[in-house]
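S.K.: Sharing a structure, written as structure tokens. Questions coming.
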Amino acid sequence: MDNVIRRRTPGARMLRAGLYALLMVMALVYLLPLVVMLLTSLKPLEEIRAGGLLSLPDSLTFAAWLKAWGSACTGTRCEGLSGYFMNSVSIVVPAVAISTLMGALNGYALTKWRFRGANLCFALLLFGCFIPFQVVLMPMAQTLGWLGLASSTSGLVLVHVVYGIAFTTLFFRNYYVSIPDEMIAAAKLDGAGFFRIFWRILLPISGPIITVSVIWQFTQIWNDFLFGVAFAGFGSQPVTVALNNLVNTSTGVKEYNVDMAGALIAALPTLVVYVVAGKYFVRGLTAGSVKG
Amino acid sequence: MSALNILHVDKTFGNTQVLKDISLAIESGEFLILVGPSGCGKSTLMNAIAGLEPVTSGDIQIGGEDVTWRTPAERDIAMVFQSYALYPSMNVRQNIAFGLEMRKMPKAQREEAVARVADLLQITPLLDRKPSQLSGGQRQRVAMGRALAREPQIYLFDEPLSNLDAKLRVEMRTEIKKLHQRLGTTIVYVTHDQIEAMTLADRIAVMRDGEILQLGTPDEVYNDPVDMFVAGFMGSPSMNFIPVTLVSRDDGYVLRVLDEQDPTGAPLELPWPPAREAQALHEWVGERLILGVRPEHFVEDETRMETSFDGTRLDVMATVVEPTGADILLQATLSGTEVTMRLGPKSQVAAGERVALRVDMSRAVLFETTNQRRVA
Ligand SMILES: Nc1ncnc2c1ncn2[C@@H]1O[C@H](COP(=O)(O)OP(=O)(O)OP(=O)(O)O)[C@@H](O)[C@H]1O
Ligand SMILES: [Mg+2]
């Protein structure tokens with residue numbers, strides 16, 4: 001039930017009905033591509049050719065999903081997306097964990113162990129949030145080459161960590177700034193040092209902002225295409241790059257159902273994360289100071 | 001040997017000097033209270049003692065050892081904060097034990113210590129609760145428990161009771177006093193509360209603008225203030241300041257109260273008690289001075305018989321009458337100056353009436369007008 005007193009004249013009601021109709025149409029427009037993708041991925045190829053983009057499948061089949069997962073051709077190899085999906089996982093998990101942890105440490109140092117130049121440091125870090133990916137491609141490729149990490153999973157993890165730290169630091173700094181300094185002072189007097197205070201006092205109350213950072217980083221890194229296509233080797237390409245190859249592989253007939261299934265597979269993790277943890281994301285973004 | 005020795009400590013933040021050449025020595029077992037207006041540097045001094053802020057110059061010694069450059073952890077100090085600063089993720093037991101754990105005390109001993117302070121502060125039933133499940137008063141106790149468990153050399157309290165309601169504040173005040181008497185701990189305590197300062201302190205340090213103006217027993221600071229600031233700051237309602245001129249007569253000195261509004265009328269004259277004729281007073285004959293009289297040094301004339309002092313008679317017009325329950329505060333105009341007086345609860349004075357009063361000049365004080373120093 002909504003909680004607003006509004007005018008009840010016929011004109012006002014008409015206006016509301018119109019408003020709802022408009023909202024519904026807009027929602028439909030937004031959802032339609034997803035619906036088409038889902039329907040197409042569940043149809044056999046003949047049925048798609050027969051037309052009827054929006055018609056429900058006559059014969060429901062998961063063959064396209066299985067093929068996209070296990071045997072579709074991405075370029076010269078025909079092993080489906082599964083391997084690349086795993087590549088993505090092995091990039092995303094360490095990259096998210098490391099960038100979140102480093103963001104937390106940065107935010108902690110910037111707010112609770114204020115050193116000369118801390119503000120400048122933070123301002124420079126913030127620049128990182130505004131640098132477009134394309135700008136760093138060349139220097140990054142060179143750096144990875146020097147480090148001997150070119151075309152490797154670790155190289156990609158490093159790139160994503162470096163790029164993500166700007167954001168995670170921003171999140172954690174803004175969260176920790178609202179935590180009273182006296183709490184840290186009390187811990188110092190109790191005899192705890194820099195890391196002890198971090199592990200024992202601060203991290204246990206950082207749940208909301210860790211959630212935000214993890215969701216944000218997960219989505220960013222999982223959906224990344226540019227770094228993946230630029231820096232990954234054959235064995236370390238993420239699922240987004242593989243999806244591109246799958247769709248662009250030009251041998252034989254165009255299998256729309258497999259393409260759609262592949263796209264859904266690639267998008268599923270971020271969808272799941274948002275559905276499962278979305279409300280914590282919003283809650284974490286608005287979380288104020290932790291009351292003692 | 002002094003438990004805490006502060007030697008010529010200066011502290012600057014950017015261009016502002018917040019502490020100016022502070023020197024203090026606190027004996028072991030002493031209860032020192034810091035008072036002063038907001039922003040005068042009390043918390044900064046506490047943080048310097050605790051090692052949370054480095055000093056710009058000067059030395060700090062604890063138990064005879066120089067600790068100026070030691071970390072807070074190395075100083076053996078516990079601090080109770082205004083906001084309590086409990087660790088939200090830990091329960092009360094863990095909060096109290098954390099400092100002991102950091103100091104590598106074995107588990108069995110830790111539990112013993114927690115049980116001891118929990119018993120002392122009557123928080124045993126709360127040990128398994130999180131801070132968010134406690135009331136303000138209970139949090140305050142836990143914060144004290146956390147300090148007490150470690151048995152440090154020095155306790156620092158920065159306005160520990162100011163977030164409590166009036167009744168609880170009085171209770172905790174008594175409790176802190178009892179704890180101090182029982183445990184003989186060395187305490188430095190910041191407060192804004194006059195009564196807290198007067199009742200708890202062995203000595204009071206009155207600060208202003210980063211300087212200690214006066215350091216003395218509550219009695220000294222209250223009855224023998226060094227200047228007008230200290231006199232006005234201690235005591236509530238504060239001391240009345242009345243502009244006067246010192247006049248010399250054959251039978252002693254007289255203070256002529258100046259009436260700006262009515263310069264032609266016969267001026268009110270208050271005799272300066274002969275017993276208090278300071279040597280230097282003759283230098284000030286004919287000069288303008290400020291007379292300081294506390295509200296409780298006035299007594300209604302009818303009640304004169306009940307009290308021991310033989311004051312000087314006054315006749316004033318009551319403007320505002322404020323009963324506080326225990327006594328009655330009376331605002332009146334004394335030769336053009338607004339004056340507050342504390343009368344007994346039985347007084348029948350009403351606003352707009354004339355009242356006959358006596359003032360106890362033997363406890364009055366005199367200040368210079370220019371630099372507000374004490375004259376007599
Ligand atoms: N980190 C800081 N940087 C700059 N100035 C500061 C800093 N900390 C305190 N100050 C200044 O130092 C002065 C003294 O502050 P302090 O907190 O010691 O006052 P206080 O006596 O404890 O006041 P209150 O009674 O309000 O708690 C204030 O003018 C304050 O603005
Ligand atoms: Mg303060």
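The backbone N, Cα and C atoms fix where each Cβ goes, and this holds for glycine too.
Got these off TrEMBL a minute ago, pasting:
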DOMAIN    A:85-277  domain 'ABC transmembrane type-1'
TRANSMEM  A:20-39  transmembrane segment
TRANSMEM  A:84-105  transmembrane segment
TRANSMEM  A:117-137  transmembrane segment
TRANSMEM  A:157-176  transmembrane segment
TRANSMEM  A:197-219  transmembrane segment
TRANSMEM  A:225-246  transmembrane segment
TRANSMEM  A:258-277  transmembrane segment
S.K.: Sequence gap of 6 or more, Cβ distance under 8 Å, 3 or more pairs: do the transmembrane segment (A:20-39) and the transmembrane segment (A:258-277) meet that?
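M.R.: Counting Cβ pairs under 8 Å, at least 3, so yes.
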S.K.: Check the transmembrane segment (A:225-246) against each of A:117-137, A:197-219, A:258-277 and return whichever range has the most CB pairs under 8 Å.
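M.R.: Answer is A:258-277, with the largest number of Cβ pairs below 8 Å.
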S.K.: Checking distant contacts: for the transmembrane segment (A:157-176), what same-chain residues at least six beyond its ends satisfy Cβ-Cβ under 8 A?
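M.R.: Those are 91, 94-96, 98-100, 102-104, 106-108, 110-112, 122, 125-129, 133, 136, 140, 144, 147, 149, 202, 206, 208-209, 212-213, 216-217, 220-221, 224, 227, 231, 287, in sequence order.
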